[in-house]
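Chemist: This structure is in structure tokens; I'll ask about it shortly.
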Amino acid sequence: MDKKTQRNQVLAMLTQMTADQYNNKSQAIINRLMKDPVFLSATTIGLTISAFPEVDTIALIEKSWAAGKQVAVPKCFSASRTMDFRIIEHFEQLETVYMKLKEPIVTTTTYINPDQIDLLIVPGIVFSKKGFRIGFGGGYYDRFLANYSGETRSLAFDCQIAEEIPVEAHDLPVNGIYTESGFIDLKAVDK
């Protein structure tokens, strides 16, 4: 099955979730991540501002701030299809950009070097049990991950996990995936 077909099938399943299912499952996933030693020891967390049907990251951001962590969110540059991360201290430092994405306002946020991000939460639509992912198709994270050497995790609903997905030469796996029912530790998996 090709990436587009898998992406569309999973998106269709995700949109069938009720608001209660979405909120309860998102909270269960976040609670699991927050017990991860990598999360607990991280000073700076990099992650996107989620939009339904992605796992809700707003509560995770708020809990990260409450725990004294820095939160960095991506600013995308469509001309080069690249992104960098910027520290946000409150949600008023975000603006709505193309495709209704929330991104940091450059004039009110500070750039952070990738090597200062201790834990990067990598988004996606479909994930293989080997840690590879199908995103929205822009390739922004693929390009960023090529030069990022820190810890990576993804947050996904159980229905987003597939046995296999098509993998291309530039695809890089994450180190682990949290779902509402558990953790898939990918550091020991033969990729």
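Here the Cβ of each residue, glycine as well, is placed from N, Cα and C on the backbone.
It should be emphasised that the depicted structure is a prediction, and the values quoted were computed from it without experimental measurement.
Pasting the relevant annotations from TrEMBL:
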BINDING   Lys3, Lys4, Thr5, Gln6, Arg7, Arg133, Ile134, Gly135, Phe136, Gly137, Gly138, Gly139, Tyr140, Tyr141  ATP binding site
BINDING   Ile49, Glu54  substrate binding site
Chemist: In Å, rounded, how far does the Cα of Lys3 (ATP binding site) sit from the Cα of Ile49 (substrate binding site)?
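Modeler: With the alpha carbons as reference points, the distance is 23 Å.
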Chemist: Which of the three DSSP states, helix, strand or coil, fits Gly138 (ATP binding site)?
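Modeler: Once the DSSP labels are grouped into three classes, Gly138 (ATP binding site) ends up as coil.
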Chemist: Have a look at the binding-site residues (Lys3, Arg7) and report the one with the fewest Cβ neighbours inside 10 Å.
Modeler: Lys3
Chemist: Counting other Cβ atoms within 10 Å of each residue's Cβ, which of the binding-site residues Gly138, Tyr140 comes out lowest?
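Modeler: Lowest Cβ count within 10 Å among the binding-site residues (Gly138, Tyr140) is Gly138.
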Chemist: What's the CA-CA gap between Tyr140 (ATP binding site) and Glu54 (substrate binding site) in angstrom, rounded?
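Modeler: Roughly 17 Å, rounded to the nearest whole number.
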Chemist: Could you round the CA separation between Thr5 (ATP binding site) and Glu54 (substrate binding site) to a whole angstrom and send it over?
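Modeler: On Cα coordinates alone, these residues lie 18 Å apart.
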Chemist: Hey, how far is Glu54 (substrate binding site) from Gly138 (ATP binding site), Cα to Cα, in Å?
Modeler: 16
Chemist: Whole-number Å distance between the CA of Ile49 (substrate binding site) and the CA of Phe136 (ATP binding site)?
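Modeler: Roughly 14 Å, rounded to the nearest whole number.
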